[in-house]
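Colleague: Dropping the structure in here first, questions after.
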Amino acid sequence: MGEFGVRGARGAKNTHDERARALIVGVDFGSSDFADSFDELELLAGTAGAQVVGRVSGKRSTPDPKHFVGSGKAEEIKLAASAEHCDLVMFNHALSPAQQRNLEQVIGLRVIDRTSLILDIFAQRAQSHEGKIQVELAQLQHLSTRLVRGWTHLERQKGGIGLRGPGETQLETDRRLIGERVKQLRIKLGKLQAQRDTQRRARERRGTFSVSLIGYTNAGKSTLFNALTRARAYAADQLFATLDTTTRRIWIDGVGQVVLSDTVGFIRELPTQLVEAFKATLEETIHADLLLHVVDAASPSRHAQIDAVNSVLREIGAADISQIVVYNKADAAGLDPEASRNMDGSIDRVVLSARMGAGLDLLRAAIAERADASRLGGMQFVGDNAVEELSGDSDPPL
């Protein structure tokens, strides 16, 4: 059964708001985090610049091959979108090209899936030259899966300069042009990656200990980065405020200089195209000596977020890098700063507030301890085994 206007004020039409009016759709396939994921879609929609004016949800055991939600639910979505004067419909799932096309035919509006929405946000937020290249690459890879014969008009193209010759369809032209652009972007990224590899090898020769901040989007990584480095990296209370990797040197007593990197935040169902395109940026994570896994201690979804981050780490080959889990926003969660040790005696969790500066001394001490252990060859690893411990019922009062 669908739900409409879950928060009453959203359903009212605001003639002064020029943002695109969106209806969001979520299907519960029995996942325990469906509600959190659906609420997250609303945040993503707002981040992309849309005004969410209604919600439709339903339950299914499996997706419908044709419409994802079934023909009856598709008609329900059409009525809800019409009633709320919507400009587009957003799905909290990845849709196949055929499903997206069939839904648009039924609903009569543009349909965007979760993957496209996240890609759009990344495109808006990319600032650096490398970031823009990576986002464009991800978008083109996603678009290439959307080029199907039912989508294009298949008009015959005349031969000419730069074209392969007469008799080429528009579909073939689009695919070839996308392929050529993807090749160009990969070459550019390869050159940028080579530069980063050179810088990293120089640090390794100097024996500099490297630390990378990772975590779910909006967990407070950039705020923590600024607190530790006294830098002014962009930090905001919004999803994907940071896309570009920022690296600074910090001084840790007893260790000396340490290289600290702030990276892009992760999210549930992070599009594969983005993970692939951002691998160059994520190299700092893959080659780090220590990962500071930043978690929003005040978020009720923190356990699912921890699992999502560790899932991406496995995907990029960084699951076995030593971790310290940093529970940030202790002030919002009503917690006192503290550090706790694992069964081996190593500090594996720190509770702090980056915004207030409380507990930073505990984190610095933990970094120093791991750096010393690394030099002695006794680094403790936190991989898949820690996921259950961190997200299980035995978790301390977080």
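Backbone N, Cα and C atoms are what each Cβ position is placed from, and that goes for glycine too.
Note that this is a predicted model, so its numbers are computed, not measured.
Pasting the relevant annotations from TrEMBL:
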BINDING   215-222, 240-244, 262-265, 328-331, 353-355  GTP binding site
BINDING   SER222, THR242  Mg(2+) binding site
DOMAIN    209-375  domain 'Hflx-type G'
Colleague: Could you state the whole-number distance in Å separating the C-alpha atoms of SER353 (GTP binding site) and SER222 (Mg(2+) binding site)?
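Modeller: With distance taken Cα to Cα, SER222 (Mg(2+) binding site) is 12 Å from SER353 (GTP binding site).
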Colleague: Mind giving me a neighbour count for VAL264 (GTP binding site)? Other Cβ atoms within 10 Å of its Cβ, every protein chain shown.
Modeller: 24
Colleague: Could you give the Cα-Cα distance between GLY215 (GTP binding site) and SER222 (Mg(2+) binding site), in whole Å?
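Modeller: Cα-Cα distance, GLY215 (GTP binding site) to SER222 (Mg(2+) binding site): 10 Å.
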Colleague: Counting Cβ atoms within 10 Å across all protein chains shown, which of the binding-site residues LYS221, LYS329 comes out on top?
Modeller: LYS221
